[in-house]
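The following features are taken from Swiss-Prot:
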- 58, 96: substrate binding site (BINDING)
- 280: N6-(pyridoxal phosphate)lysine (MOD_RES)
- 480: phosphoserine (MOD_RES)
- 483: phosphoserine (MOD_RES)
- 488: phosphoserine (MOD_RES)
């Protein structure tokens with residue numbers, strides 16, 4: 001055993017600190033949930049007791065529209081008889097700037113997803129291998145190792161990888177609270193900025209996600225103006241991640257930072273940068289189309305040089321240029337995507353409402369922010385992790401705990417709803433129903449004891465076993481005799 005440990009240490013010494021370190025961030029419950037799914041993925045026929053993937057923020061609701069367009073336009077691919085005549089032109093080495101028709105089509109699409117209220121210059125578009133590569137490129141352009149970016153919480157766990165791992169940049173959390181719907185306030189920004197200063201971390205920028213992942217909320221005009229003014233006053237950069245721009249639905253409105261800076265007099269646009277991609281709005285994460293759009297000429301020049309490490313293939317550029325130039329298709333796709341997202345959101349929220357499960361009111365994104373604080377043994381992240389393990393390994397739903405999103409309050413979970421078909425969603429809701437109904441059955445006999453004890457303590461037992469057979473029961477001792485007994489053990493969030 002000692003020899004093995006020594007050998008392993010020697011192997012690590014052969015590698016760089018970046019390669020052998022844990023900066024990737026994969027040692028978190030966010031990625032552990034993915035591992036549980038990969039080991040036992042749900043399939044309605046082959047693996048009906050498998051884990052349902054609700055931890056993947058992917059838009060699969062309009063795949064039929066995408067397939068229909070591809071079949072109708074074989075000339076968009078250089079690997080078909082209709083498009084092969086362009087093979088030689090596309091397959092040869094291309095400029096790092098990207099195909100002109102690709103940049104023009106992307107700029108037009110970005111305008112359309114922002115209700116044509118702003119214009120984007122194709123010459124300011126820098127391509128990258130997905131939003132992951134785009135974020136890292138921005139970090140390399142704006143910050144040195146040891147510098148920091150302010151990031152409002154909760155935020156996407158992948159930022160720890162995208163912005164920190166290879167750049168050496170620090171992420172400084174801006175603490176937001178459920179009491180005001182996790183809104184970003186100037187007071188919270190000032191507090192985080194001061195904390196960074198006390199920790200000797202030079203703050204180089206503020207990164208915000210709009211619409212928010214994981215909240216599904218959008219930033220209103222006044223909030224965006226306050227963010228622009230804050231960063232301008234501090235002389236730091238504002239990076240707006242807008243990759244969910246076209247996922248709003250219902251009465252929700254997306255306002256881009258590009259629109260707001262037009263309304264602010266004397267705004268220093270050199271400090272404004274946008275990260276975008278086609279992964280969420282078009283449901284094309286596998287094509288790895290990421291975009292850096294900067295109003296800073298120098299950043300555009302530097303980012304273009306850095307893009308050589310993560311270019312979008314010319315074949316993909318060619319396909320995307322053809323697709324996004326079809327305005328009739330794009331209009332139909334965006335319209336239908338919003339309708340289907342609204343319908344799926346209504347389906348899952350109606351189901352949760354019927355079970356008394358709370359969620360943060362929001363109308364954007366491919367997920368919702370579920371409130372299970374009332375089920376925690378104690379208001380700690382250890383209790384949150386304990387509950388999460390039950391949900392993943394017993395209920396067999398891979399939802400992501402708030403702690404992995406750096407949420408300040410334990411008990412929140414992100415639940416993705418657009419990456420599955422209708423029947424799988426029904427199965428997921430049924431599992432939640434079974435879960436909650438059995439909790440009620442377990443707590444009812446304990447009501448008298450609970451009233452006499454007059455205690456409000458909850459207790460998760462590690463020996464919980466769920467069954468989705470007709471018997472459907474829990475092991476004895478799931479709740480302690482001191483558990484409170486509301487009409488449902490889950491309560492709606494007051495947000």
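Any Cβ shown, glycine's included, is placed from N, Cα and C.
Distance from the CA of residue 280 (N6-(pyridoxal phosphate)lysine) to the CA of residue 58 (substrate binding site) is 6 Å. Distance from the CA of residue 96 (substrate binding site) to the CA of the residue listed as 'N6-(pyridoxal phosphate)lysine' is 24 Å. A simple way to gauge crowding: the CB of residue 58 (substrate binding site) has 17 other CB atoms within 10 angstroms, across all the protein chains here.
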